[in-house]
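Here the structure comes first, spelled out in structure tokens, and everything after it is commentary.
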Amino acid sequence: MSSKDTASTMVDKDVEHPVDTPVAITAEVEEKYGIKAHWKCLAACTLVSMCPFQYGLDFGLIGGLQAMIGFLKVFGHPAPHVAGGWNISPSRQQLISSLMTLGAFLSSSLAGPTATFLSRRQTIWAASLLCIVSNVIMMATTSIGGLYAGRLLLGLANGFYMTFSQLYIQEVAPARYRGLMISSFQVWTSVGTVIGGVVDNFTEKIDGRDSYLIPLGLIFVFPVVISVGLFAVPESPRWLMMQGREEQARSSLRWHRPYTDRMVEEEIKDIQLALAAEGETVKGASVWDMFRDPVNRRRTVLAVCGLTVQGASGAMYMIAYGTYFFKMAGIGKPFENHVILTSLGVVAILVNSAMVTHFGRRRVFLISGLILCGIAQLLIAVVYTVTPGTKSTGQAIVGLAVVYILGYNGMVATYAWISGGELPSQRLRSYTFGLATAIGFFAAWLTTFTAPYFINPESMNWGPKYGYIWTPSCWISA
């Protein structure tokens, strides 16, 4: 069988675990050990999976901030012709939202080189420090330039958070529970978005800068919790082994696994064999290794495509500009509608978490979710085109937005992250997953940067008709 056929078979069968998972260990563990026996490892993965809370929180907050009078009085301008009497220019709106994703793109692009000298935990600590510094800048400044700088630094932090927390979970979680842990990654993203929307909903009525300073204060909480918790968690044994630190890797694996010493040794040998087969040590890896042979080239392309479908679904504009979108379209209560939307998204993720360990059909879920998202976007655009500005149209758009977010959170987002993390080889995982994440963030940046041109009343003012753009994008991706 050719290398191309081998890679194709790996994808076509929708394998539950990466090909470098120790098969003998997996079978034995599934027979003898349950979830309680793995509690330490799963607790560590749960702590690390909190990292994307910051990413979700930012999207939940920033969409609401751009619709807050207190925020618009500082960074916007009077606009008597729009709802609320205040607006923000499309160019400022573009940069406020997109600089965060641009920063995430830059930091995730550097995941491969960064992983050669910083461990998974050290990079997450660095991300926490960047997050705190960026938030201090955003809260202290009343200058648009200072706000831009804070947004870019926050993006750098989120890129490290999203990439290296995924890498840690992929390398540490038992094969049987890896899908569950990755789905919890998406749960935290959605929970962060909900909390950001809920807090915005309560503070938007406050007059002055406090209306947006209080929500921004939430950004300090989780970096501190994660940073302190990581002192109790060992480093990834696979990363340690790739650095040639075998004894530390063995000690870390004993902490993460409820195995006997013999089983620990077997898994250590499996890791060694996988590394030897792929090039003996990660220090021999380079960016070009992702493309040199057909198998790694195919893995790279599939991982990139897996993560890029999130941006291709149009979710970033619905999440990043949700509150502003509802407000400018004159649809009911924009803050409450966005909270409802994101809360139902969390429900979809929780249902998905219960399913992910039992159903391994990544491709089927991704295709189905993208088709559903495309249909919802099309119907939103058609309804608004036919009868814009009516109460019934507003209700229909909110209902279709709920269908969209159920499809995205329940089928697209989780399986995109799982596929992007499972497909890379062990030796090149930092490079391949970093590249895939970076291109995914680039797609998100492109969406958040261009969306204001379409939905802002001072520009094209398409509003919900923006769905016409994303319907073909969803279906082509499917």
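Please read every residue number as a count from 1 along the shown chain.
Keep in mind that glycine also has a Cβ here, set from the backbone N, Cα and C atoms.
Automated prediction, rather than curation, is the source of TrEMBL annotations.
Feature annotations, reproduced from TrEMBL:
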DOMAIN    44-478  domain 'Major facilitator superfamily (MFS) profile'
TRANSMEM  55-75  transmembrane segment
TRANSMEM  95-112  transmembrane segment
TRANSMEM  124-142  transmembrane segment
TRANSMEM  211-233  transmembrane segment
TRANSMEM  300-326  transmembrane segment
TRANSMEM  338-357  transmembrane segment
TRANSMEM  364-384  transmembrane segment
TRANSMEM  396-418  transmembrane segment
TRANSMEM  430-455  transmembrane segment
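Here the listed stretches are 95-112, 124-142, 211-233, 364-384, 430-455, and the one with the most C-beta pairs under 8 angstroms to the transmembrane segment (396-418) is 364-384. Touching of the transmembrane segment (430-455) and the transmembrane segment (211-233) is ruled out by the presence of fewer than three CB pairs under 8 A, sequence neighbours closer than 6 excluded. Looking only at the domain 'Major facilitator superfamily (MFS) profile' (44-478), the predicted model's pLDDT averages out at 83.
Looking at 55-75, 124-142, 211-233, 364-384, the range that has the most CB pairs within less than 8 A of the transmembrane segment (95-112) turns out to be 55-75.
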